[in-house]
Structures are given as C-alpha cells and as structure tokens.
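Enquirer: Just passing along the structure, written as structure tokens.
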C-alpha cells in the first residue's frame, strides 16, 4: 500500500489551469483585451529603454533606473501573459510541473526585484531633492551600478526559497489550479501535504521583503515631502514635486496591490477576486509605468521628440 501511496503522490506531472470564464465569447474578448495591453506594454517599455539609451541627456542615474524598471516590466509581464493568452484560446489549459515551478520562480523573483528597484529609485530621488550638493558624490556611476545590480541579484535569490518549498510539496491526483498562472496561494490550496510551515515561511519572507522596501521608500518620500514644504516659492515646490510624483504614483499602485495580495496569513480570498487582483499587477501595472513616467516627465517627452527627429 505504501507503493500505492507513492504513486498517488507523484502522479502530478502537469497542472491544469482553470483560467477565466469558460464562456467562449468571453475568452475571445479577454484574449483581445489582454493582447492589446501586452503589445502596448512591450512597446511602451521598449520606447523608454531606447530613448534613455539614445539620448545622452538622459544618462543620469534616475533615467538609468527607469530603464531597469522598464526592462523588468517586460520580463515580468512576459512571464505570465503569453501563456495566459495561449490558454485563452486552448481547449486544454495545461502546464508541466517544471514549467509551473519556473513560472512561479520568475514571477516571485521579478516581483521582489521590482520592490528593491523601487526602493533604490526612491533613495535616488531622496538624494537629489534633500542632498542636492552631495548628489554627484553620493550617486556616482559605481553606486548606481551597485544598487541596480544588487536589486537584480537579491531579487533572484529571493525567489529561490518559496519556489523550493512549493516544489517539495506533494500534489496528489487532483491537479486543477483555480488561477491563470502558477501563483503561490492556489498551489498551496491544491497540495495534499501539510502546508503550515511553507505558508508561514513564505508569509514571513514576503512580509520582510515588502515591509523593508516599503519602509525605505516611505521614509525617502516623507523626507522629500518635508524638504519640499521648506521651499519658499510655489513654483519651486511644484518643480521639485513633479520630479518625484510619477515615481510616487507607480509605488502606490504597486505596493497597494502587492500588500493586499500577499500579506495575508490566510489564503481565503475568493478565487475570482484573487484573479482580478492578479490581472491588475501582472497585466495592467506594467503598462501603467511607462505611461505614468513618460507622460508626466517633461525631460523625457523632450528627449523622445529629439530621438524621433534624429532618426
């Protein structure tokens, strides 16, 4: 019987994703909508990367961080959306066990990298606004590289533990994931092992990453705002705040959705709500970043115009 139990436990070689509505007309509508958003996201972020690369005046750390963020958004949304689009048109929506773990790893790692990058960008803005005289000394090419590379490397390591723990859980015969990608909570729900320890570790890790990055970002912005309030002229206040407002908007949207999703010890949110929130940060947010940054940033718009004229 122990052999029988073993075969039951290792039976899951692939998962089936429930995805969205089973109504075919609804699937086509969602496919079209998500495809358009995905194409716009890739285009928007690629434009930012190209303009920052081609325009020498945008070679400051602020724009180099923005280039990193845009590249990250392209990777992040590509981890989820192409597979989701294929599934919207497919009869059988399946993903292999290893494919599922790979998707989970990239999703968690890139999500963590985004937290670290947003903190680094907030720190850069803090130095520029609160320590303008020391900015050139504090934010050198080396310190920018350390912060950017550090964000990517730390993000890569952050994804290992959750992925390792989830991959070691037992999944019995039942292999239906009530989601459109391999996210942590539906996988924990699906496992026939005791997930208490895994849940606790992942909860503590996400709380540590999110709260430390969030606090760093929050403190940077509080200091920036206090500094702006000291500026005597209204136009001076406006100019200084405009350099930070777009980043602040991105941060608010990102942390708002992330904290509501992951810092809950109980995974009892209805799956439909879970999917809706996931669409927000895997499909919509990566598009918002380029829109917010490029439309609110005068220097960027000017540089875009120059690049267009030159080429």
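Just so it is clear, glycine is given a Cβ too, placed from its N, Cα and C backbone atoms.
Annotations in TrEMBL come from automatic prediction, not curation.
Annotation comment: TrEMBL describes 28-54, 104-123, 200-226, 238-256, 276-295 as transmembrane segment. The domain 'G-protein coupled receptors family 1 profile' annotation in TrEMBL covers 44-293.
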Enquirer: At a threshold of under 8 Å on Cβ distances, which of 104-123, 238-256, 276-295 pairs most often with the transmembrane segment (28-54)?
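Expert: Looking at each of 104-123, 238-256, 276-295 in turn, the most contacts to the transmembrane segment (28-54) are made by 276-295.
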Enquirer: Tell me, what is the mean pLDDT of the domain 'G-protein coupled receptors family 1 profile' (44-293)?
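Expert: Averaging the confidence scores along the domain 'G-protein coupled receptors family 1 profile' (44-293) gives 88.
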